[in-house]
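One structure below.
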Ligand SMILES: Nc1ncnc2c1ncn2[C@@H]1O[C@H](COP(=O)(O)OP(=O)(O)OP(=O)(O)O)[C@@H](O)[C@H]1O
Ligand SMILES: [Mg+2]
């Protein structure tokens with residue numbers, strides 16, 4: 001229990017029933033989870049395969065896995081009969097809710113009417129499906145329906161219930177789309193992200209045998225960031241925990257920032273109702289930040305109504321003043337931020353990786369990227385467009401999905417038309433209509449005799465050649481290592497030539513670079529040698545990928561869930577660019593929080609409503625609290641007096657949250673006072689740095 005205070009140690013040791021650690025930012029909640037995993041294994045005889053820890057983001061899961069790995073390095077099991085064996089850390093389940101859901105669904109697919117190799121579609125695919133269905137080009141409308149469906153799914157509402165509860169014509173229409181959408185996914189043997197949680201929860205609720213099996217497999221559960229679980233996730237936890245209720249949840253109601261996704265704070269209260277024996281532990285010492293940072297965070301969040309009384313103090317001393325810089329526009333802000341960061345780093349002899357630039361929306365990142373690149377400052381972007389959202393990667397994923405699941409019609413359409421191979425839209429339409437009538441997938445339809453009456457030889461020939469090619473790869477994908485097959489796939493589809501045909505040289509080169517990087521990464525994932533653990537459990541860790549050699553099919557099955565950033569070895573010394581949402585649970589010595597304006601943070605939708613929607617402003621305030629509390633040593637805020645919005649330049653006001661921080665007691669110096677432009681100053685700094 002070294003490196004734990006009394007309350008933390010109590011939380012780690014407590015095993016008499018369900019336990020909730022409710023505490024503010026930086027108080028060591030995540031530390032409780034990692035230490036408790038080690039405690040269960042080293043002192044209580046648990047085997048890693050019986051422990052599952054879930055969290056929200058892939059990055060947080062990766063970090064947790066690393067922390068646990070370090071704690072257990074070189075340690076041995078204490079399980080009776082297995083004493084002295086090396087702890088098989090790779091058998092621990094440390095992952096996001098979604099990857100836990102995938103693991104369960106892959107193994108129990110038959111019980112929910114899926115094949116084990118079902119596909120996972122992402123939000124974009126989901127958008128297209130809905131768009132196709134309502135035949136509308138109004139993106140706003142499609143997105144509204146998409147959100148509505150997602151909320152229904154997360155609230156465990158069936159299409160029938162949704163239709164029955166519809167309040168107006170719009171909702172009624174959405175409910176009908178919902179019904180058709182579910183039917184379409186079934187036909188494609190595909191699930192969306194919401195299903196990954198909803199389906200296992202429904203399965204556990206209805207199938208006792210399966211539930212028992214999983215309750216027996218995962219005997220202790222740990223849940224980080226509990227405040228952001230939604231109704232579905234809560235059900236899943238509850239059903240997995242069962243009557244034994246062996247779990248520890250940790251969370252902070254002031255950091256609930258996913259209300260818009262149906263996360264509900266009521267889950268915190270519900271826990272107490274469902275588990276009356278719940279043992280609640282509070283942590284009060286903050287180990288992360290200086291007193292100034294903590295005080296600012298506390299005074300912002302004090303403006304929200306309190307659910308639970310929490311005190312937070314720090315031993316780290318007052319620390320540096322928090323700076324506020326007003327900038328002319330976003331370009332000025334980026335130049336100024338990077339200038340101040342460079343100077344700060346020079347003064348403190350710090351490293352690039354000690355710095356994070358946090359912002360509310362992804363669109364704010366681009367200008368920072370440009371300037372960092374120009375200045376040759378290494379950076380990594382997180383929470384932004386995932387590698388998997390890039391068109392070229394989605395193209396290749398479509399092939400991989402099709403190899404994994406021939407019934408995946410969206411993947412079929414994308415793959416068969418990219419690169420073009422003489423299959424036109426008229427052909428696809430005929431094929432689609434035929435497949436719809438015959439109730440088979442597009443892939444299956446290609447081989448049916450009856451299709452010959454509908455399509456000419458010239459139309460059918462390229463389709464069959466394509467399907468033969470995919471089929472050959474599928475047959476081999478179960479046995480052969482991924483790397484060989486990936487190379488063959490690349491050659492077989494002439495993707496490189498296609499890129500150089502379709503795009504200008506620079507774009508093609510960059511896209512091809514992404515493709516190679518993606519394949520390299522897949523191959524690395526596919527050829528890692530098995531850890532000398534003990535008996536194979538058949539189910540793996542983390543993102544659903546154990547560190548074992550994987551054949552292509554196994555790799556393909558998890559591809560949709562992964563984001564490149566975590567698989568790639570990151571530049572070890574780089575500035576982090578991140579949305580506030582994606583920074584949850586993480587910490588950085590020095591934080592630059594940019595775009596602190598009304599309309600950005602709090603976000604526009606939340607302040608323009610007349611009258612202002614209190615609940616949304618409160619959520620924005622929690623987001624601000626999360627942002628401030630990421631900083632360990634220093635915090636720098638900036639805001640723009642003007643900002644470009646959809647070709648217009650709008651005048652901006654500083655965020656109300658700056659005022660709420662009560663910084664004015666000792667006004668910090670502002671960058672405005674300096675007569676030089678940020679560009680000049682960057683140049684002078686460079687001159688200073690280069691001998
Ligand atoms: N007892 C302790 N002694 C020393 N350092 C600690 C202790 N507990 C936690 N820390 C450190 O304090 C920092 C914050 O801990 P942690 O990330 O676990 O907090 P948290 O409560 O999970 O924060 P958040 O709410 O942001 O997720 C980490 O660097 C952690 O290593
Ligand atoms: Mg944490």
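Just so it is clear, glycine is given a Cβ too, placed from its N, Cα and C backbone atoms.
What TrEMBL says about this protein:
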DOMAIN    2-290  domain 'UvrD-like helicase ATP-binding'
BINDING   23, 24, 25, 26, 27, 28, 29, 30, 288  ATP binding site
DOMAIN    291-585  domain 'UvrD-like helicase C-terminal'
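This view paints the features noted in TrEMBL onto the structure.
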residue	record	Cβ within 10 Å
23	ATP binding site	27
25	ATP binding site	26
27	ATP binding site	28
29	ATP binding site	26
288	ATP binding site	19
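In this structure, 29 are the binding-site residues from 23, 29, 288 whose C-beta falls under 6 Å of some atom of ligand 2. For the recorded site, residue 29 (ATP binding site), the DSSP three-state label reads helix. Take the mean position of the Cβ atoms of 23, 24, 25, 26, 27, 28, 29, 30, 288, the recorded ATP site; other residues of that chain with a Cβ within 8 Å of it are 252, 283, 286, 287. Taken as a whole, the domain 'UvrD-like helicase C-terminal' (291-585) shows an average pLDDT of 82 in this prediction. Per the record's binding annotation for ATP, residues 23, 24, 25, 26, 27, 28, 29, 30, 288 show a top Cα-Cα distance of 13 Å.
DSSP assigns residue 288 (ATP binding site) to coil, not to a helix or a strand. In the three-state DSSP assignment, the secondary structure recorded for residue 23 (ATP binding site) is strand.
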